[in-house]
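**Student:** Relevant sequence annotations retrieved from TrEMBL are reproduced here:
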REGION    28-51  region 'Disordered'
COMPBIAS  36-51  compositional bias 'Basic and acidic residues'
DOMAIN    140-195  domain 'BSD'
REGION    214-304  region 'Disordered'
COMPBIAS  228-245  compositional bias 'Polar residues'
COMPBIAS  259-277  compositional bias 'Acidic residues'
């Protein structure tokens with residue numbers, strides 16, 4: 001019994017003590033909250049005051065800097081900015097349209113156009129022509145195979161741009177139903193009677209032009225050869241009468257000038273001189289002094 005009473009007394013004392021502690025904690029907490037709020041209010045008020053001061057100082061400095069910039073800008077000349085030119089749009093790089101003269105030269109006439117209008121895809125697809133094996137890889141330039149000759153290649157290029165039916169047939173047939181090579185073989189067989197005169201005339205003109213250029217080059221070469229070979233022949237043998245030797249002049253007077261024009265053409269003088277030299281060297285006749293003495297004696301007789 002005493003134990004129970006003591007337990008109750010202890011529990012009551014603990015509850016009372018707990019109430020006192022709770023009240024004390026609440027009181028202290030309230031005081032702390034109140035102190036914190038007061039401190040926060042003071043800090044906020046001080047922060048706001050500092051912020052206003054900083055903002056006012058920044059505004060003042062900004063106004064001062066703006067005034068300086070405005071003063072400096074008023075002293076500098078303002079450059080005039082030229083207007084930006086308007087850039088015209090770049091035209092699309094469309095291929096130039098062939099003129100009527102070129103179309104006529106390559107056989108694209110109204111008769112050909114009318115004939116092509118009567119063709120269909122079956123005209124090409126059902127044409128009785130066997131596919132030939134490809135012997136080599138033939139390059140394709142401007143959508144036209146280069147196994148065609150020069151005139152046919154240009155005709156094919158022009159007809160693709162000028163006659164829309166052919167362009168349509170080629171697009172639908174190649175390479176699904178036939179090869180490019182067969183398509184153009186069938187085409188040129190179909191239109192042979194329309195284009196063959198123009199093709200023949202084209203190659204005849206090329207042949208005539210090549211012949212004229214060949215003749216002109218041969219003529220220029222001949223003229224150049226004649227100009228190099230036709231140089232003046234200044235290698236004539238000087239006349240013996242022009243000698244400054246008086247004894248030789250006396251011999252010429254008595255025996256005659258073997259190098260004169262009356263004796264014959266200049267071309268023979270060298271031969272005569274060579275013959276006399278050979279005779280003198282072979283026979284070993286008299287010396288030059290004896291010849292001179294004989295010539296002087298003859299001269300004296302002639303004077304008497």
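Keep in mind that glycine also has a Cβ here, set from the backbone N, Cα and C atoms.
TrEMBL entries are annotated by machine, without manual review.
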**Student:** With DSSP helix as H/G/I and strand as E/B, how many residues of the domain 'BSD' (140-195) fall in helix, strand and coil?
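**Tutor:** Across the domain 'BSD' (140-195), DSSP assigns the residues as follows: 38 helix, 4 strand, 14 coil.
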**Student:** Using DSSP, break the compositional bias 'Basic and acidic residues' (36-51) down into helix, strand and coil residues and give each count.
**Tutor:** 16 helix, 0 strand, 0 coil
**Student:** For the domain 'BSD' (140-195), what's the model's average pLDDT?
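**Tutor:** Mean model confidence (pLDDT) across the domain 'BSD' (140-195) is 88.
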